[in-house]
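To start, the structure under review is shown below, and the notes come after it.
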Amino acid sequence: MKLFLNSNLLRNSIFFKISAFVLISVACFFLGKHWSEDGFRRLIFFSAEPSRSPIVALSPDFGKTYNISGLIYESHPILPPSLSPPPPPDSVELKVFGIVNENGTMSDEFQIGDYDVESAETLGNQTEFESSDDDDIKSTTARVSVRKFEICSENMTEYIPCLDNVEAIKRLNSTARGERFERNCPNDGMGLNCTVPIPQGYRSPIPWPRSRDEVWFNNVPHTKLVEDKGGQNWIYKENDKFKFPGGGTQFIHGADQYLDQISQMIPDISFGNHTRVVLDIGCGVASFGAYLMSRNVLTMSIAPKDVHENQIQFALERGVPAMVAAFTTRRLLYPSQAFDLVHCSRCRINWTRDDGILLLEVNRMLRAGGYFVWAAQPVYKHEKALEEQWEEMLNLTTRLCWVLVKKEGYIAIWQKPVNNTCYLSRGAGVSPPLCNSEDDPDNVWYVDLKACITRIEENGYGANLAPWPARLLTPPDRLQTIQIDSYIARKELFVAESKYWKEIISNYVNALHWKQIGLRNVLDMRAGFGGFAAALAELKVDCWVLNVIPVSGPNTLPVIYDRGLLGVMHDWCEPFDTYPRTYDLLHAAGLFSIERKRCNMTTMMLEMDRILRPGGRVYIRDTINVTSELQEIGNAMRWHTSLRETAEGPHSSYRVLLCEKRFESSEKRRTKKRRKTKGKRA
């Protein structure tokens, strides 16, 4: 019995001890919770706020690690935890705009004309922007607003930067060989920083084909050519227009009759079939080229800037392909074997000077088997001095292995050989020599003339062409000589480019009515194989295209000419050799994303504005970032702009920037500029 009582007492004692321990533990638990809610958030045994970072348990063998900062008491009060997630931070307004420089780093040092500091900090978030003709600053597509560019002075309506650089021309060591007619571009930072004004009374150009025969006087307000050449049936003024009867110095009865005579002399010339691309040297007002267009012939008409006042400007206003260019000390910007026929009618060039170096340049550009047509006084006059010039010309052409195939009246026609056999059979020491095999006859950018005969390709490349129009879509042999990465798939690339642009141009013709908007003079600023121009020709859009091959890419000019198209080499970091208001359409596909590494995009856009006619259009296909930045610049030039998706859809990294240089805006700017000038004088 006693043992039983002792056992019960022991059990009761253990029970009480356990109960007391539990009560003390519960009391400590609630006491700790009370302290935690009073602000001791660093108590590691309890926290009402869930842990924000994961807890990692380490092996005891690794060593014990303590979060010391978690044990430090902070005297400042801690706010109680929020029952709802904290609101997102206010959006930060971006106040700095930058571009990626050539080193690949972001920089905020850039220039897009003059800008308003306050407006530059106002951001637009719209997806498409259309510019306004008002002078007020408006927000643009992306990140910054740009103040409108100023208008250049009134005396710059016909300014060509690289040909009107008076200070550079004054510094030339010599001008005996026409150096003043060559490119003498402004130094970096000295180019255009304003938009070129239009002449007073400027009107929308007369559409083709009427423009072949008449243009508005106020668009090219110069009468000197009428005074000098009116008696030669070139040009005359009637009321508010210039009229072009179609004559020339050596074909006063009209270009059509003159062309018929050439065709009768050499039937194999076959205009529009065998002969597709022609060079007219010293072109006057380009009636020769204008009348060849009706025979499916493209003629590049060239002349220096001031031999006859504004002759190239008249040609371009008529809607005829033309460029300001001269035979001086450098190669012309066209490839070897480019032209099926070269024409010179009283072009005022001494072909025999310096042992015929200028005729050697013609020989470089003339296609193997092509024709040189010379209409000049030495051909038919019997004065002693002129007869000597004729004999010198015969001697030179014989040494060039040209064959005089026909001489009739005032016209003489030579034919270039189709291979090098004649050159190699000449006697030792006969000049001019053949160029060495290392010479690249297609290298033309700032390259001096060479006193040697350009070799003809032994494999017949450049000479074996399909007749027009089959040659337009036939991959030419010289496609294999272009310095590009692909070798085997070149023809496939050629065909793919043609199909690509035909599909796009078909959409433009149907949706944007390209056949109805009066496109005539077109410039493709990065032409590739010429697929854009070929598509326009194939779809019968009544225009001509000058295909520009940038110096920064592969030289595809030989392919351009072998297709029966026109092209030229150019560096878009420099101004283009043409008058203001030359083109109805400027097309640039992938140009700016490449050239922005070398060139100032604002300078390029100002040059585009200079050569674009009022009412003209610009189509830029490039990356999203590039087109957004260009849209801002276009707005600053008062272009009407809109950014569109490509056919690839909204997720494509490319966009199409459509721009229009509205005539009303140009006229409004000119009027406002004149008012400001008068106000300053008053």
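Each Cβ is built from the backbone N, Cα and C atoms, and glycine gets one as well.
Owing to the predicted nature of the structure, the values given are computational and were not obtained by experimental measurement.
Features reported for this protein in Swiss-Prot:
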CARBOHYD  N67  N-linked glycosylation site
CARBOHYD  N103  N-linked glycosylation site
CARBOHYD  N125  N-linked glycosylation site
CARBOHYD  N155  N-linked glycosylation site
CARBOHYD  N173  N-linked glycosylation site
CARBOHYD  N193  N-linked glycosylation site
CARBOHYD  N273  N-linked glycosylation site
CARBOHYD  N350  N-linked glycosylation site
CARBOHYD  N395  N-linked glycosylation site
CARBOHYD  N419  N-linked glycosylation site
CARBOHYD  N600  N-linked glycosylation site
CARBOHYD  N625  N-linked glycosylation site
TOPO_DOM  1-11  topological domain 'Cytoplasmic'
TOPO_DOM  33-682  topological domain 'Lumenal'
TRANSMEM  12-32  transmembrane segment
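Taking the features listed in Swiss-Prot, we show where each one sits on the structure.
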| residue | record | CB count, 10 Å |
| --- | --- | --- |
| N155 | N-linked glycosylation site | 8 |
| N173 | N-linked glycosylation site | 6 |
| N193 | N-linked glycosylation site | 15 |
| N273 | N-linked glycosylation site | 15 |
| N350 | N-linked glycosylation site | 12 |
| N395 | N-linked glycosylation site | 12 |
| N419 | N-linked glycosylation site | 16 |
| N600 | N-linked glycosylation site | 17 |
| N625 | N-linked glycosylation site | 15 |
Confidence summary (mean pLDDT) of the topological domain 'Cytoplasmic' (1-11): 46
Rounded Cα-Cα span from N193 (N-linked glycosylation site) to N395 (N-linked glycosylation site), Å: 51
When distances run from the Cα of N193 (N-linked glycosylation site) to each of the glycosylation sites N155, N173, N273, N600, the nearest one: N600
Integer Cα-Cα distance in angstrom, N600 (N-linked glycosylation site) to N625 (N-linked glycosylation site): 15
Of the glycosylation sites listed as N173, N350, N419, N625, the one whose CA lies nearest the CA of N273 (N-linked glycosylation site): N419
Of the glycosylation sites listed as N173, N419, N625, the one whose CA lies nearest the CA of N350 (N-linked glycosylation site): N173
